[in-house]
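For reference, the structure is listed below as structure tokens.
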Ligand SMILES: Nc1nc2c(ncn2[C@@H]2O[C@H](COP(=O)(O)OP(=O)(O)OP(=O)(O)O)[C@@H](O)[C@H]2O)c(=O)[nH]1
Ligand SMILES: [Mg+2]
């Protein structure tokens, strides 16, 4: 460290004294002062050399650790499927590690379920109350709400409300019998959140016809937190499970019958239709499996884990030690980012240090708007984001992989008669999956070509990230692309 200071010799400070190291002897220095000064300087140099040595060792360790490590950055707007793709990688390449996280995912799935139930009750209670208050036949609580779902394209019945007195009394009954779920939601949110201030927004919050998001702050390792809590429980109470989570499961199990009845109720379904809410299209939807999921003996299936929804905040680092034979022992590091608009500034520091980016675009976004900005079409937002990413100079030599995701939802919407051309004016082709995907592939490739500072290969795949079977083929292709590029970059090919 001193060495660095010593390079700049003979420079004078503001007081006219030399600012070099070691300093000139002060004027009128006695012999004793000189001895003490020289000794002090020797000591300072020794400390400085030790620090330099430690820093060098640290640099070498990091270099060694990073040698052979593949680093990937997952990018894309919120709900495009980044965390779900990561789960696919884990399922395929580190299945044992993922199974070990099963308890953490069960808590997320339970939170998703109770979140949906509390949302439905709040929504229908509130609209019933508003209806009673206004007593108006033309009232519609979501009057200005953008139409974002397939079912939304069906004409709304009329200005007449279907909120019958029967629904009002039924929903009040459910509110009472399912009130313990408020507590369950709080317990689970607290367990999954590493920071009280970051726990999910109030259970009753209503966010444009869909439940507010369940969020977790990235980088703080919520899964390990949950494991640690469970271990603490083990030491203190000789039980393998966290007592708070056990309690939540018991309450949920006791409420199971009423949850199923609520979801099956004709009048509740009619009420949701009236509100234009399509629960099945929402992330983290488990109401169809409530009987199984709320059961005390419930163990999440792989399919459940892929469908669980937890919004990422910030940037989460996931280190995967590959378990598959061909890659056994290899270290792959994934940086999974929060995709909402407010999160995107935190991506940039990771640009410089990755081998590849995987950009996810939700193809289902063509007739949706951003949650965080209701005036912006999701596909348009993806286009703009893609252009920005392509034009980044920091990513010039990084491998680019684009995934056109949620093809299952896109397919269902096109088959249901939603016209892609109604939302994308430049689209003139047939309204089917393969033509729309061809169009999107060409569009993204053209933007990549146009906005990249230098020529760069682009690998495009279409995916349904909740289908591990179809996605695994893509994972293998991605792995090969990354490995080939990595070997080229390290001049081993
Ligand atoms: N139907 C369907 N759902 C999907 C697909 N991919 C992801 N999902 C679901 O979409 C929801 C959102 O996916 P996430 O992976 O959490 O999205 P994300 O990009 O990580 O979102 P942020 O963390 O907010 O940036 C989850 O509930 C997933 O199960 C898909 O291809 N099809
Ligand atoms: Mg995420």
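A Cβ is built for glycine as well, from the same backbone N, Cα and C atoms used for every other residue.
TrEMBL does not curate its annotations; it predicts them automatically.
Of all the Cβ atoms in the protein chains shown, 22 others lie within 10 Å of the Cβ of residue 310 (GTP binding site). Feature annotation from TrEMBL assigns GTP binding site to 306, 307, 308, 309, 310, 311, 312, 405, 406, 407, 408, 465.
The Mg(2+) binding site annotation in TrEMBL covers 312. Residue 312 (GTP binding site) falls within a strand when secondary structure is assigned with DSSP.
TrEMBL lists 1-31 (among others) with the feature region 'Disordered'.
TrEMBL lists 134-164 (among others) with the feature region 'Disordered'.
Each of the binding-site residues 306, 308 was scored by other CB atoms within 10 A of its CB, and the lowest score goes to 306. Filtering 310, 312, 406, 408 by Cβ distance to ligand 2 (under 6 A) retains the following binding-site residues: 312. Sequence-distant neighbours of residue 408 (GTP binding site) (same chain, 6+ apart, CB under 8 A from its CB) are 464, 466, 467.
The most densely surrounded of the binding-site residues 312, 406 is 406 (count of other Cβ atoms within 10 A of its Cβ). Spread of the GTP binding residues is 23 Å (greatest Cα-Cα distance among 306, 307, 308, 309, 310, 311, 312, 405, 406, 407, 408, 465).
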